[in-house]
Amino acid sequence: MTPEIGQFALTLALAVAIVQSILPIVGASTGRVLWMESAKTTAVLQVTLVAIAFGALMRSFVVSDFTVRNVVENSHSLKPMIFKVAGTWGSHEGSLVLWTFILVLFGAGVALLGRNIPVGLKARTLSVQAWISVGFLSFMLFTSNPFERVFPPPLDGTDLNPLLQDIGLAMHPPLLYFGYVGFSIVFSFAVAALIEGRVDPAWARWVRPWTLTAWISLTAGIALGSWWAYYELGWGGWWFWDPVENASFMPWLLGTALLHSAIVTEKRDTFKSWTILLAILTFSLSLLGTFIVRSGILTSVHAFAVDPARGVYILGLLGVTIVGSLTLYAWRAPQLGSGGVFRPISREAGLLLNNLLLATATATVLFGTLYPLFVEAVTDEKISVGPPYFNATFIPFMLPLVIIMGIGPFLSWKRADLPGIWQRLRLVFGIAIGVAGIVWYLQTDGPLLAVVSIGIAAWVFVATLREWALRIKLFDLPLSQSLRRARNLPRAAHGMTLAHLGVAMLVLGFVGSTAWKEERVLFAEPGTTVEIAGFEVIFDGVERLRGPNYIAQQGQLRVLKDGREITLLRPERRNYPVAGTSTTESAIRSTLRGDLYVTISEPATEKASGQWNLRILYEPLVNWIWIGATMLVLGGSLSLSDRRLRVGAPSPKSRSSALQPAE
Amino acid sequence: MIWLVLGAMASITVLLFLSGLYRTGEVLNRKDGALVILKDQLSEIDTDQERNLISVTEADAARVEIKRRILAAGRLATRESSRASGRSTIFASAIATPLVAFALYSQIGSPQIESQPLASRASETQEAANLSELTQRLKTRLEADESGGPSDGWVLLGQTYMRMARYDDAADAFERVTVRDNADISTLLLYAEALIAAENGIVTPQAESVIERASEMDPDDPGPIFYRARILEQDGVPDEARTLLIERLKRADRAYPWMELFLSVANRLGEQVGESPVTLADFFPDSRDARSPGAADIEAAQDMSVEERSAFVRSMVDRLAARLLDDQDNLEGWLRLAEAYSVLGDFDAAQNAADNARTLAESLPETDPMRAAATARLDRINK
């Protein structure tokens, strides 16, 4: 019965979403409060119903109910429990349920938490949100039903993909979706504002917490995915410019631009149509990402054409959303009006430049991601656009961005005093040059760009600290007073400082682990010794082990530094007989200076028997990437907790006090 | 029971919808909402100034700007809104929602299928485990046989593996027989089928050579012809594949059970190349009795109403019973008949068929996996 409850909950949710997509928005333009307020009921109903469906699907996975096709195809009775649970969102159908759940969760969030949002704007926003849920619920029910049944049920499921049996991956999609889909509510706010014809600082303030929430979780999701790739895939890289990765990275880039642009709208009542456009484009890229990942177009453009029902449906959704919202934008945006004026040297101008650089960088990633698909569709030729393209096009936009990031917070609104800023940043510039010089002295073999990049990272780091120090007048006042000032600083300000410092850490990690990476690939037999990055690694041989559902070949490597043994590394090659696949479990000695990373595999050729294929990597500073990403997330969360984002609704003037209920 | 739960879900939805009609309280309009934010920004400047975070001139400039915005917001026209109108629409949507949901559910839901958590299927899993153990024992014994093991034994092993969906193992078992001189056409076909199943339905060159060998033994046997059509289809010439099947159907002297399968495949291919569908009657105008349940029947059954479907099932079962009178040693047939009767609730007939099956099963050797499987199925029927 459980699967049928889930199935019915989904159909009911679709019916409710249809009502929500019409009544509130019509109510807002005809002044019918009952209709506008119905959005609250329907938004809560939708989230409850989709949660029931998600729960029903999860239960089917947990108890291995093989009357549900989705469970048959994506689970197996021998899977450890946690991966049965994760199987709920591992499949195409299940991930759509999760997608929709997060969509309606954000809707319900606005309905319940947005007490300070005017009823008309809220009603319109929730109606737009419901348009999206109608699209996805119908997509799910008509082309990818998660509760399709099989009878009689097979004895066991068919999927035991061991690569997916990793806790990082199990948690990755929910977080990524949370960010991806979270931008839907920002999109809905933007479309509602266009329909209403009004964007002002108040609007920007109402939307900010939602943008921040989506941005934080997308940041965390991307970082977690990259961390998973690094530890689990065994390739020793943390970013591959893979289309699936790009699909989540593009909304992040534009979302970051949106976050900054919305601040200008909030503070200065300007950049209005730009903010709206970014909101629309960010979510459009989220949808495009969903399409790229979910339509199967990546495997082959032609495979997608052969079984088109799903792909065409989602392509249609994508088209309607993007074309529809952009048309509305073209029609209404000119009426939004421009706000405060500003000089070419000002905080506004700095943020504008930030927006332009981020948008251009997004465009280059988008081009690199879609180009192979076009080529394959037109010429039948499969090409791949890889890291060389992305590094050559993306980095030139990022370095200036990071340089400006150091100056930006010093600029004042409207007009800024450049000589004054130079005065305050001279020392910082000197330090950055000094750091670059020291790095160059220590590491002459790295590329020049790497040395420059480290200098830039130092520049942002010190400049951000300097700005914070100036705000609290550190060293100008007694320490106790400075600390009091620091306490009084709005949390959003601390959030910015922390996030910008995080970016400096990220650059450090990116550059270190790319430019000064050392790699040895070799055939080894017991006794082989390898020198890498000042370490001496001795291969002692291989042992066979039995795991719960796999057999492993575990290599043993002693790591010596200056003749002293410092650690023992045990990389594994795991063989899963039921699934007939193998995975690589790398062994890593992790320190802040860098990671020593070892993977092992049997040599492919017959004649090299008794020898093992070892891959040893030294990745300097790689852990700073995760530290930097954590700081971004913490900075965003700190900003989100700012009191100013929780401005209460006014206590209503009691006009007709006779009818007032005793609430 | 299920309808009770779904009905409850629908009712709660309706009630929640209607509860909106009784909501009271002031609503926040756009103007007041904006003013709250702007006033908050104003007081923020005061605090910032108190704490010396911004200079007096900066604060003053910001204040002027915000005050200007407050004035602008004050001029915002607000639309009169009331709770008075639109009650009937809320009421109508409350009623329409569950109706839409039930209409959609009746199309895509399967309320008749119970959920079956694996834990509740212990007997089935146990049976599968037993079967797999017995199969292993049979294989060990066949391998230990110095003369290579009897061909029948290997074929039985292969068929058991096929039923367990272990296609690679099945192909290995059949191969043992096909390399012998006495390999017959049916074993070759079983081998080909196992090879194809192991590759998810793709005819590999290896399978193709097996099919060719079978075809050389008897060019007119429907088995190899069926697979040759499959190869042609895979090569992208569905029209030739269809012709091959149709020609063979034309050569038949009377109706056979394999024809249903030929027809359904030929019609599927015909759809691709734009030929109109053919039926058995096109070849044998008066051959309705020879029908046996095939893919086409099952397809047809999906469009039927409940009564039609049970009548249809009944007629299929009766045909199976009639066939078994001529084919008394068909263990699988008797088992299926017993299961079918017990599902239909005809317990006397079920018992009768089960007795026949039990007699046949007990005549099999102790170690035969078929015997254990049959006994297990019979036990389930008797429950």
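Keep in mind that glycine also has a Cβ here, set from the backbone N, Cα and C atoms.
In TrEMBL this protein carries:
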type	residues	note
DOMAIN	A:89-295	domain 'Cytochrome c assembly protein'
DOMAIN	A:315-643	domain 'Cytochrome c-type biogenesis protein CcmF C-terminal'
TRANSMEM	A:6-31	transmembrane segment
TRANSMEM	A:43-62	transmembrane segment
TRANSMEM	A:96-114	transmembrane segment
TRANSMEM	A:175-195	transmembrane segment
TRANSMEM	A:207-229	transmembrane segment
TRANSMEM	A:249-265	transmembrane segment
TRANSMEM	A:311-331	transmembrane segment
TRANSMEM	A:352-374	transmembrane segment
TRANSMEM	A:394-413	transmembrane segment
TRANSMEM	A:425-442	transmembrane segment
TRANSMEM	A:448-465	transmembrane segment
TRANSMEM	A:492-516	transmembrane segment
Mean per-residue pLDDT computed across the domain 'Cytochrome c-type biogenesis protein CcmF C-terminal' (A:315-643): 87
Contact ranking winner - A:96-114, A:207-229, A:249-265, A:311-331, A:448-465 against the transmembrane segment (A:352-374), Cβ under 8 Å: A:249-265
Other parts of the chain folded back onto the transmembrane segment (A:492-516), taken as Cβ under 8 Å at six or more residues beyond its ends: 238, 402, 405, 409, 443, 446-447, 449-450, 453-454, 456-458, 460-461, 464-465, 467-468, 471, 486, 594, 619-632, 634-640, 642, 644
Highest-contact recorded stretch vs the transmembrane segment (A:249-265), from A:6-31, A:43-62, A:207-229, A:425-442, A:448-465, CB pairs under 8 Å: A:207-229
Cβ-Cβ under 8 Å with the transmembrane segment (A:175-195): same-chain residues at least 6 beyond its ends: 25, 95, 98-99, 102-103, 106-107, 109-110, 121, 124-129, 132, 203, 206-207, 210-211, 213-222, 224-225, 248, 251-252, 255, 258, 275-276, 279-280, 282-284, 286, 289-290, 325, 328-329, 332-333
